[in-house]
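Some features that Swiss-Prot has for this protein:
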type     : residues                       : note
REGION   : 139-272                        : region 'Disordered'
COMPBIAS : 231-254                        : compositional bias 'Polar residues'
COMPBIAS : 255-269                        : compositional bias 'Low complexity'
ZN_FING  : 280-329                        : zinc finger
SITE     : Tyr282                         : site 'Histone H3K4me3 binding'
BINDING  : Cys283, Cys285, His307, Cys310 : Zn(2+) 1 binding site
SITE     : Met293                         : site 'Histone H3K4me3 binding'
BINDING  : Cys296, Cys301, Cys323, Cys326 : Zn(2+) 2 binding site
SITE     : Asp297                         : site 'Histone H3K4me3 binding'
SITE     : Trp305                         : site 'Histone H3K4me3 binding'
Amino acid sequence: MSSPANLFPGLNDITDVLEEFPLATSRYLTLLHEIDAKCVHSMPNLNERIDKFLKKDFNKDHQTQVRLLNNINKIYEELMPSLEEKMHVSSIMLDNLDRLTSRLELAYEVAIKNTEIPRGLRLGVDNHPAMHLHHELMEKIESKSNSKSSQALKSESRREAMAANRRQGEHYSASTHQQDDSKNDANYGGSRHESQDHTGNNTNSRKRANAANTNNADPETKKRKRRVATTAVSPSTISTATAVNNGRIGTSTASRGVSSVGNSNNSRISRPKTNDYGEPLYCYCNQVAYGEMVGCDGADCELEWFHLPCIGLETLPKGKWYCDDCKKKL
């Protein structure tokens, strides 16, 4: 059968340390009292001579001043060995107490590791009023943190939905703009072909009229008229067609230039939607989303989401909320 020392090594070591504490302390304290007994008469004498030296005026009697200082120095020399011995004993007692404290901590760790002390005895009962209050406070803190996290999730989902709607609207506007450009190009190409056909028809009719006239004239007159008609009709026809085409091209170029200038002005006035990393920008501060944010309930709000510090709020508002720009539109 195992002995109690082997069954509970930690508790037995704790008991030994607690029994050794008063013995070691009393031994060293006794030595300190013996040292103080040696100085029981010297300390009052030293204090008396120091007070007398401080109260006396030594403006003229310097010899008395030197004599008193010598007496004080002699008493200090008598007390010095006792004071040094007292410091030595104190340092030894401190080291011994430090060793016993380390031994006690190690024994307690062994007792906890071997479950020598029951949990109820070590931590106390669980039905204490203070423990109930602690559990209630912890439940309130957890419920509050859960409510904040749910609000943050709602705001995040709402922000993602509004961002998706905005991207869909931008895609729809871009496709509409491309369709308008293609229609304009098609109209421009059709009008250009019509002008070329009309110019060609005029040229052919003129050629047929000149040919009919030259058939009735003499050969020399035919040759002369053919040369005059060729030199007269060709440059005018070419210049007319060129002028018409240049006019149409200039008009389309000018319209495109005006549209590009308008787009550049609009892009200069409008706020950037994303930063250099492609992240969307929100709020009056034109920054990315962070922390808790509140969404504007306005139908056509440009900024959409706002940081709580930027609008002067500490918590999320209840019900509908509108930004300053949307309030002006209401």
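Quick reminder: no glycine exception, Cβ is built from N, Cα and C everywhere.
Annotated features, which come from Swiss-Prot, shown on the structure.
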| residue | record | Cβ contacts under 8 Å, 6 or more apart |
| --- | --- | --- |
| Tyr282 | site 'Histone H3K4me3 binding' | Arg159, Val288, Ala289, Met293, Leu303, Glu304, Trp305, Phe306, His307 |
| Cys283 | Zn(2+) 1 binding site | Met293, Leu303, Trp305, Phe306, His307, Cys310 |
| Cys285 | Zn(2+) 1 binding site | His307, Cys310 |
| Cys296 | Zn(2+) 2 binding site | Leu303, Glu304, Trp305, Phe306, Trp321, Tyr322, Cys323, Cys326 |
| Asp297 | site 'Histone H3K4me3 binding' | Lys320, Trp321, Tyr322, Cys326 |
| Cys301 | Zn(2+) 2 binding site | Tyr322, Cys323, Asp325, Cys326 |
Query = Can you list the residues of the same chain, besides Cys296, Cys301, Cys323, Cys326, whose Cβ falls within 8 Å of the Zn(2+) 2 site's Cβ centroid?
reply = Asp297, Gly298, Glu302, Leu303, Glu304, Tyr322, Asp324, Asp325, Lys327
Key: Number of helical, extended and coil residues in the zinc finger (280-329), per DSSP   = 9 helix, 9 strand, 32 coil
Ask   = To which of the recorded positions Met293, Cys310, Cys323, Cys326 does the lowest count of other Cβ atoms within 10 Å belong?
value = Cys310
Remark   = Taking all protein chains shown into account, the Cβ-based neighbour count within 10 Å for His307 (Zn(2+) 1 binding site) is 18
Ask   = Other than Cys283, Cys285, His307, Cys310, which residues of the chain come within 8 Å of the Zn(2+) 1 site, judged by Cβ distance to the Cβ centroid of those residues?
value = Tyr282, Tyr284, Gln287, Phe306, Pro309, Ile311
Ask   = Within 10 Å of the Cβ of Trp305 (site 'Histone H3K4me3 binding'), how many other Cβ atoms are there?
value = 20
